[in-house]
Every structure is written in structure tokens, then in C-alpha cells.
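What follows is one structure encoded as C-alpha cells, with my remarks underneath.
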């Protein structure tokens, strides 16, 4: 084993920042709107479900943060949903613009990826839903309006504010679900038996990468586990008196922690991101927005309702640490930029579940988005991004404080790195209709977008 083995003590590397390039006085507002559907809706996330939801374990929310600098205004929305298709993003943006004047291109909508939220649409960028009779049309029609309402209420609450950011690390609650066999192929490990979990070691490689490794029982082949992204990024927004208005937490882990418990499989829940947001709000106050990092192949260490609470609280603990003693600034530049992206498609669809409906000459058209809060950059990527792609963008990024938010604005399935197509496994084979090379193209486009915004920031508005 290479690298330095770490113990089970929570790793919390704290880096605080303030936004350096002054532009205008900051005004910010935040709001939270309940989007919990009625019991009896069908849930989205697991094909094995054969009946509608039968209860509510915890409420779902749309949480919005609006920030302006006197010249421009941006809105970030975090929703407790599996994902948000582009057509719904467009509807929400149109409503926001008509009610607040905020440009649609300045609105980013991020899904937590809870697998315990409602089935909300008949058709996505992935194609017709084979179970489209399970959509509650009345609820789906109201949902977009409620999400837009959250932005409207946040905009209505604009007041003098200060912003700052922090970063901690939490490596104890996740692992990479695509371990490699000796021949380089992948055998999926959606969960691990207790005897394997008991062998966990956290390894920091010489190049800075963090891996969570395990040993299989004697006589079974050993597997090599890939990297995780342990960063927990936070954004702190407080009023002129220092009271917390809003916070944002970003962490890379699939929101599937409740799936092992039959008592909760058919119950509505925000999963661990919902618990994280609730705990941060309870301790710090304000509105807490959760955004998912590049978690396409990263899953929780344990599953079940107890594990859901524990993981949510562990992430919240790291986030609360990151929100403390943060240098703040009340004069920053905020801005937003979007880029149209065309990604290559496979010649043959990955399965009945994934059939493109608007593909043009073998290309899927989508968008990526970048928000800037002074020297903090929030990159919104569509789809389920494998962690290797997120880590590569961070590694090559020209900006130090880059937060990657997946499942932003659109649904395009899994976005995999090229090696994944040779290794096999669920994500590139059954979970994506994108061709080999799409992940690398997305990396290059993301870096181009970051470069363009940073160059503009250096030159001054």
C-alpha cells in the first residue's frame, strides 16, 4: 500500500478565505420553501420500487440564495430532488426573471440527488420515462412554481450582507464503488459486507489523492479502490450584524444512505443531505443549501436510516467547522456565465431507460454554468459526474477556491472518464448514453469557462 495511512479520526483541514476583488456593496437574501409531495406519489431513484410512497420521514425543500453587488445579481437554488431536467430549469428561470428581473442565465439549480424524492416528469433529456403513468401531474405542475417562489422570496429579502468561504475535509463516510480487479476490470461494490468495512483504511497518496481502501477475506481476490473527494466546501453569508442569513455546503457522496432499510424504502426523505441542512440550520441558523460534488461513483460507507442520520450529521459537523472564524467581505463582485456544450453520444443507446430525444447528429446539447462570489467560483455541471472528472477539474483549475456542483440545471446521465469505458461497470455501460471521450470534453469546456471568467475578473469589469 502506498501513501500514508490515516486513522479513523475525522480529518478536518480548515482553509478560510475572503473575497479580494472589491466591486460593490453586497446584498443578499435567502428563503426556504416546502416542496414535499403528498403521500402516495411514486418515488424516483430505484427501479425496484413496485408501489407508491407510503409516508414522509422528513420534508423536502427548495432553498434559495440571492446575492447582488450593485451591478449584477445571481441566484443559487438547492432542491431536494433526484435531479432537475433542463426544460424545468428553463421554466423556473423564466418565472424568476419575470418576477425579479434576475437574468435566467444567472440562476443555477442544483439537485441533492436524493433517491427518496418524487417522480416529477414524463420526459427528460434521457428520453421517455417507461413508467410515465407514475407521475403526479398536479404536483409536477406546482413544483416549478414553488422553486421559483423560493428565489422570489429570497430576492424580496435582500439586505446588506457579507460573504466568506471555508473548506474542511471528511474522509470517514464514503468510498469509491468501482474497485478494480487484478486484470483492470471493475466489479461494482454498491455496498460492502461488515467484515470488509471493518478493514477500512484512509490513505493519503503522495500526489495528494485520498483513497478509502478495504481488504477482502482470505481466499477472495483483493480489489483496488479508487479516490474519493473529501472536501467539504462552505459558503457563509451573514447580515451586517453578523447573523447568519445563509450557508452553502458542498460534499461528494451519493444520496442513497437510506436504501438498506425496508422501513424507509417507500418513504419521502431528503436522505443525508436533508439531515445535513437541518443540522446546520439548527446550530447556525439561516438557510442551508446543500449541493452535491462529483459523486457519480462515490457512495456512503453504510446504509440504513441510522446511517442516514449519522452521515448527515458528520457532514454537518464538518460544515459547521468550516463556517467558523471565516474572514468576511462586504464588497465583492458577483457574476454568472453559461456555456453551451455538445457531448458525443454512443452509436447505440445504453438501454430502454436512456434514449435520446433531441440528439442532433450524434451530439447531446446541454450547458455548464459558473457563478462567482469574489474569489469563490461555483461550477455547475449537468448529470452524475464521476469523481475522477471533478478531481481533474480541480487539479487543473487556475483558481484556488473552486467548488464543483454536479446535477446542476440538466439531466444527462452519468458522465464518465475514458478509462471507465474500458473497465466496465454500471455507470459507463448501463448508466450513460454518452460516448467515450465525453468526460474529457466536459473537463476542457469547464476549464475554458473558468479561464474566461478569471481573465475577466483580473481585467476588471
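Glycine is no exception: its Cβ is also placed from the backbone N, Cα and C atoms.
Counting only same-chain residues at least 6 apart in sequence, those with a Cβ under 8 Å from the Cβ of residue 113 (Zn(2+) binding site) are 82, 83, 254, 255, 273, 292, 295, 384, 406, 407. Reduced to three states, the DSSP call for residue 113 (Zn(2+) binding site) is coil. For 113, the entry in TrEMBL reads Zn(2+) binding site.
According to TrEMBL, the feature domain 'Neutral/alkaline non-lysosomal ceramidase N-terminal' maps to 28-179. Residues belonging to the domain 'Neutral/alkaline non-lysosomal ceramidase N-terminal' (28-179) score a mean pLDDT of 93 in the model.
What TrEMBL lists as signal peptide is 1-22.
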